[in-house]
Every structure is written in structure tokens, then in C-alpha cells.
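Peer 1: Mind looking over this structure? Questions follow.
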Amino acid sequence: MAVLNATSFLAKTRARLLLVVTLALTWWLACLGRQYRPLLASRLQQARLQMPKVWLKWHSSASPQDCHGHLNASKVVMLIEPRPLPHLVPLLMHMVAVAPPDWRFLFIGSQWSTYSVGRAPAVRHHTADAKLAVLQLPDPWSIESPEAVSRLLTDLRFYDEFLPDVEWLLRFEHDCILCANSPRSLDDWLEWSWAGTPRQDGGFSGAGGLSLRRVSAIRRVLGFQERHNNSEPEDEWFGKRLLVMPGERVATGLDGALAVENVLIDKPMGYCIRDGGAHLDPSVWNSPEVRKGVFDYCPELALIADMKLERERCPDDDKQGGRAEVVRTGQVAKVVVDIDSGMQQHQVAETDGQVGKVVFDVGAGMQQQPAEADRQGSLILPPQPPPPLQIQPHI
């Protein structure tokens, strides 16, 4: 019994001694830590700076705008084009470079245009980082005609299904472009409900080719009205209703003009050249000085304009979209043929108002036969091909 009591006493004593030693060690470490705390903090900071940074990229089913914080889901630039035009990819890449970095892009096309655009490496790069989306609408949606596009953009279901979080929508077409030299940005028009291209009548300045729209205003219109099929285009239909709605800021005249088509403004945000310039007003664009000023300010306009090189210009081009009616001169071209070398050289010879007709005869040589000239002078047409050689064999 005494042995058991002694063993129990030793066990209790050992536990008490261990507790006392632990408390003493803790107190000593606490006192020691106060002295070395600054040194330990500096060493930990140095070790933290030397550690490599690790970025984890999670692949999930979340939407692209949730994974890319630099993009704004409420700002979208949209191009609708069913034709596989060759300049669509350069145009899209230019617009991506000019637009503010937080704007997303959406290309809606047909089977052929989405394939043509989507296979470009630059497009695939922007598609991977959710900057650009290439979309082919499912049935029954259609974009094959202007009327089909108007029906699409005046259908509230289109905005609910494909643009659910969008508030600002910049719509542009294949013949519209933003200028890199513009002093203004798309973000300067965010207070407008609709801003676009001014018209010559000075009314609603919202031509749909290049226009910035506020989707909340569009939803407000579509909430109480529907567009009749085969009626006016969607931009005119929206404009008539937004102009009379209270609280909506709509561009009229030059107020809120975003781009230029046939009404020139100083340093616009962009240009619309419908069908490559086939529908431009000659009274505005026929001036060489006006065109030079426009292309000096916005040289990228050459991407969408139907242009030719200066060396392709006809000699009688008046640089105003036409050709001179008559060009009179006292000089005609004389073609000299070198039989030995087979080379042709063009020389200029003075005449007395009569146009010569050149006949090539290998046997008899070159002869010049006079022809009756115009009474008021010779008529010189644009450069013509030389007449064929008339070969007469020797008998």
C-alpha cells in the first residue's frame, strides 16, 4: 500500500514539475521574443519577397466576363454581316484597337462569314481572352437581308437571349469605321440614348450604320410598341419614338453627331462610306481638297472605301468623279516599230492638225496615211492599244 502511494506521489510531482518547466520556458521565450521581434519581422519579409508568385487559372463553366475583370459586360461593339467579305478581319482588328479597352466585341454572321472571320489567328487570339465573340444565330433568327436585321434588332427576345447584361451597344456595319486620330472616345457618349450619323435634313442623327445605343432605352420602346414587318428601317423606327420620349437624350442635327456620311463635321469619331462610296453626295465628296483632308485625318478609311491607286487614274480624270469631255492638242503619238529588235517605242511628232493613221507593212516598211481631222483640232482619247501588224508576204 505504501508503495502505491509513493508511485502516485511521484507521478503527480512529475506532472507538476513538467508544468512548471513549461511555464518557465514560455515566459523566457516571450521575453526573448520582445528583443528579437524586429529582427524576425525583417527576416520574414525578406523570405516573403524571395518566394515566387504563383497564378492559378481555374477552368470552369463561368461566363467570360466573370473571368476577365478588365472587360465590362455592359459595353459591347457589334457587327452583323452575313457575307464573307475579305476586309472584315482587318476592320474588326482596327476597331478593337481604337475602342476603349473595356469594351467587348460581338460578331454575328452566317455560316460562311463566321467561318471566314473565326479562322483568322488574330480573331482566335481575342476569342480566347473573351475580348471578341463570333456567333452564328440559331433558327429561326435570320440576318440574310436588311429587313431581317431590322426585325432582329426590334425584337426584345434578341436582347434578352444574346445581350442580357448590355447597357451600351455600338453597332457598326462593314462600311463604317472609327478613326484612331479622333480626340474623343466612345465613353464620351455614354450619357446619350442614341447617337449616330447626322443627316442633311437636320433631323434625327442616328443612322444605324454607325450608332451608339442605350439598350435600356431600346427596351423601354419595345416594352410598349412593336415594329410592323416590311416597314421602315430599325434606326428610323427607333428614332421617331425616342425623340418624343421624355428623359431620353437623342442626337439631332449636329448635336450628338458621332460619325460623318454626307454632313461634314470637324474631327468626327468615325465615318460611314455606304457601299464603298456608291451613295455619297457628290456635292460634298467630289472636292479633291475635302477628300484629302478626310484621308489625312482618317487614313484607315481606305479599309472600307472603294479606291484606286494614283497611277491607275485616267489622263482625262478631272479628280471630281468625272472625265473631261474633249482633250484637244496639236500633238499625236507616232508609233515607230523596230523590225530587227521587235521593240516598240513611242515618240511625239508635231502635226498640222491632221491625225495620221499608221499602217504596218513588213515588206514595204511603215507608211503614214493622212486622215481627215476635226475642223477645230484633233481629238485625243485615252491611251489606246496600238493597231495590229499587217504582214504582207513577198511573192
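Positions of Cβ are set from backbone N, Cα and C atoms, glycine also.
TrEMBL lists these features:
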type     : residues : note
DOMAIN   : 132-252  : domain 'DUF5672'
REGION   : 368-395  : region 'Disordered'
COMPBIAS : 382-395  : compositional bias 'Pro residues'
Peer 1: On the 0 to 100 scale, where does the mean pLDDT of the domain 'DUF5672' (132-252) fall?
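Peer 2: The predicted confidence over the domain 'DUF5672' (132-252), as a mean pLDDT, is 92.
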Peer 1: For the domain 'DUF5672' (132-252), what are the DSSP-based totals of helix, strand and coil residues?
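Peer 2: Secondary-structure composition of the domain 'DUF5672' (132-252): 36 helix, 22 strand, 63 coil.
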